[in-house]
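Student: Sharing the record's features from TrEMBL:
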ACT_SITE  B:C251  active site, glycyl thioester intermediate
ACT_SITE  B:C426  active site, cysteine persulfide intermediate
BINDING   B:G104, B:D125, B:N132, B:N133, B:M134, B:H135, B:R136, B:K149, B:D193, B:N194  ATP binding site
BINDING   B:C234, B:C237, B:C309, B:C312  Zn(2+) binding site
DOMAIN    B:363-466  domain 'Rhodanese'
Amino acid sequence: MDTMEGKMNTQKADPKPEENKVSSVKIKVLFFARARDLTSLTEMPLEVPSGSSAHDCLNDLVARFPGLEEIRECMVLALNEEYTTESTIVKEQDELAIIPPISGG
Amino acid sequence: MESDASRILHELQSLRASKSDIDRRISALESQLHQINLLNDSVPNGSHHSISTIDNSHLNGHHAHYLTPEMIHRYSRHLLLPSFGVQAQSNLLKSSVLVVGAGGLGSPALLYLAACGVGRLGIVDHDVVELNNMHRQIIHTEAFIGQPKVKSAAAACRSVNSTVQIVEHHEALRTSNALGIFSKYDVIVDATDNAPSRYMISDCCVVLGKPLVSGAALGLEGQLTVYNYNGGPCYRCLFPTPPPTTACQRCADSGVLGVVPGIIGCLQALEAIKIASVVGEPLAGRMLLFDALAARIRIVKIRGRSLQCKACGENATFTQQEFQEFDYEKFTQSPLSPSPLKLNLLQADSRISSKEYHDRVVNGDAHVLVDVRPAHHFKIVSLPNSLNIPLPSLEARLHEISSALKEEEERKGVGSGSRAQLYVICRRGNDSQRAVQYLHKTGFTSARDILGGLESWAQDVDPNFPTY
Ligand SMILES: [Zn+2]
């Protein structure tokens, strides 16, 4: 539901994503657990050059929030709510989730 | 008046003690009786095994299942569910579930698992019930503060359902006892609170081929998934590299909204019930992420079994013996039974005890006390006249310390020979040492930390000072 709403909003705000295709793509990054503490954000928009991989996005994020380096080796990466590897190329309006494990109980 | 009250309190205490003793005896006898009835019931139908197979739904009459009249009455609302019914309830009654951890997650999980009628329910925990558990560990009652959680949880489960066999494992889970305990159960529920236990439990489930219902909660977030089930991944498939110790936060340090582990624990009971009763689609290969503040639940498809996984991968040769020899504390760089960190960074002459500090306050010695805890901790409780400068902002706020010292020297009229002292305090005495180290480097060479922080103040100086 949330995803759908989010996508519809983005579509309204950005009616012609094709125009950006040559230069860059806009994605949404979702932070969970420790990633939220380290960035003080639950989500953020991210613009990366077209053809960028999830790995490139992560590099970009770590450059903005160096604290994220801490969880770089220990997280689940999901693209549009599905497991992804770092080599996957991100597309316009994709949703990249950074999910480190929680240990507490 | 006061002696009346204390007499009543005393009598109440002794009555409660005998009441819980009687309760325990009743439930023990009830469960004995239940076992005898089960055996007797099964005799006319042949061996216990053959009547309890799932595949007897074609039989008619009341011997088609082994539900006693009492069971039919107790579980009637389950039996009335078309998608659950007699078959799933019978499966449940024959199953055994082990819950590791009787804390925030384990509390609701255990209560529901006892209530729903699993055949045998095991509880592993080595901890005792504390007052600061009560806001989330709803299985425990105030009467059990100071007693083993296993005992308290077992008593609560028995009082909900005396017909379930409750097994108390009052011990810390280790590689030395895990295989023995796990092998007696069909489904394992991970309701622990630390990284090494999570790896150990997952590996043990892989080695023994047991499904693992894994839940976690911290702050305002929860996570839930089922590992090692139907070809799905194990914990190591997802997280082959353990998180750094800085990323492993504990409820005792970071806080947790009580109902959050409650919700995840309920979902763990649900997943365990689905697996044990063989209904529905367990949450394997998917992870549920619960965000309490945003009121949002996301379910993310997670990776399948990793061929490279050290525990369950194609070429993995993780045997029972390797499991028993594996050092989970070393692997995760953190202890299996987390206890507060005790740093020792400073020379003795850079530290004073809370008692000594108290003496100096009483003496009226010129000094400034800096409290380096986070602001929201400072709001809970603080010592009078302390200056809150959280450790991360210390560098930027050094000038505040300089001016506070100057002010104090002027106010106390300290002569040119001596100066106002600088003391640093925190919750347990770790961050205060880090702060003093930094202060020494930046010219505040006389800064000293108060050993053991506010906890030692509460313990050694003012027993009425709140601890949290
Ligand atoms: Zn694995």
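Note that Cβ sites are derived from N, Cα and C of the backbone, with glycine treated the same way.
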Student: If you draw a 10 Å sphere on the Cβ of the residue listed as 'active site, cysteine persulfide intermediate', how many other Cβ atoms land inside?
Tutor: 25
Student: Using a 10 Å cut-off between Cα atoms, which of these recorded positions sit near B:C251 (active site, glycyl thioester intermediate): B:M134, B:D193, B:C234, B:C237, B:C312, B:C426?
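Tutor: So the list is B:D193.
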Student: Filter the recorded positions B:M134, B:C251, B:C312 down to the ones with a Cβ under 8 Å from chain A's Cβ atoms, keeping sequence order.
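Tutor: Sorted by position along the sequence, the hits are B:C251.
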Student: Using CB under 6 Å from any atom of ligand 1, narrow the recorded positions B:G104, B:C312, B:C426 to the ones that qualify.
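Tutor: Checking each Cβ against ligand 1, the ones under 6 Å are B:C312.
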Student: B:C309 (Zn(2+) binding site): which of the recorded positions B:G104, B:N132, B:M134, B:R136, B:C426 is the nearest Cα neighbour?
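Tutor: Going through B:G104, B:N132, B:M134, B:R136, B:C426 one by one, the Cα closest to that of B:C309 (Zn(2+) binding site) is B:G104.
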Student: Within 8 Å of the centroid of the Cβ atoms of B:C234, B:C237, B:C309, B:C312, which other residues of that chain place their own Cβ, given that this set defines the recorded Zn(2+) site?
Tutor: B:S202, B:V206, B:Y227, B:N228, B:P233, B:Y235, B:R236, B:R305, B:S306, B:K310, B:A311, B:G313, B:A316
Student: Give me the Cα-Cα distance between B:C237 (Zn(2+) binding site) and B:D193 (ATP binding site), rounded to a whole Å.
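Tutor: For B:C237 (Zn(2+) binding site) versus B:D193 (ATP binding site), the Cα atoms are 20 Å apart.
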Student: Restricting to the record's ATP-binding residues (B:G104, B:D125, B:N132, B:N133, B:M134, B:H135, B:R136, B:K149, B:D193, B:N194), give me the longest CA-CA distance in Å as a whole number.
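Tutor: Greatest Cα-Cα span of the listed binding residues: 20 Å.
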Student: Roughly how many Å separate the Cα of B:N132 (ATP binding site) from that of B:C312 (Zn(2+) binding site), to the nearest whole number?
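Tutor: Between the Cα atoms of B:N132 (ATP binding site) and B:C312 (Zn(2+) binding site), the distance comes to 38 Å.
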Student: So, by DSSP, how many helix, strand and coil residues make up the domain 'Rhodanese' (B:363-466)?
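Tutor: Across the domain 'Rhodanese' (B:363-466), the residues distribute as 48 helix, 16 strand, 40 coil.
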Student: When you measure from the Cβ of B:N132 (ATP binding site), how many other Cβ atoms are you left with inside 10 Å?
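Tutor: Other Cβ atoms within 10 Å of B:N132 (ATP binding site): 11.
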Student: Given B:C312 (Zn(2+) binding site) and B:R136 (ATP binding site), what distance in Å do their CA atoms have, once rounded to a whole number?
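Tutor: Rounded to a whole number, the Cα-Cα distance is 34 Å.
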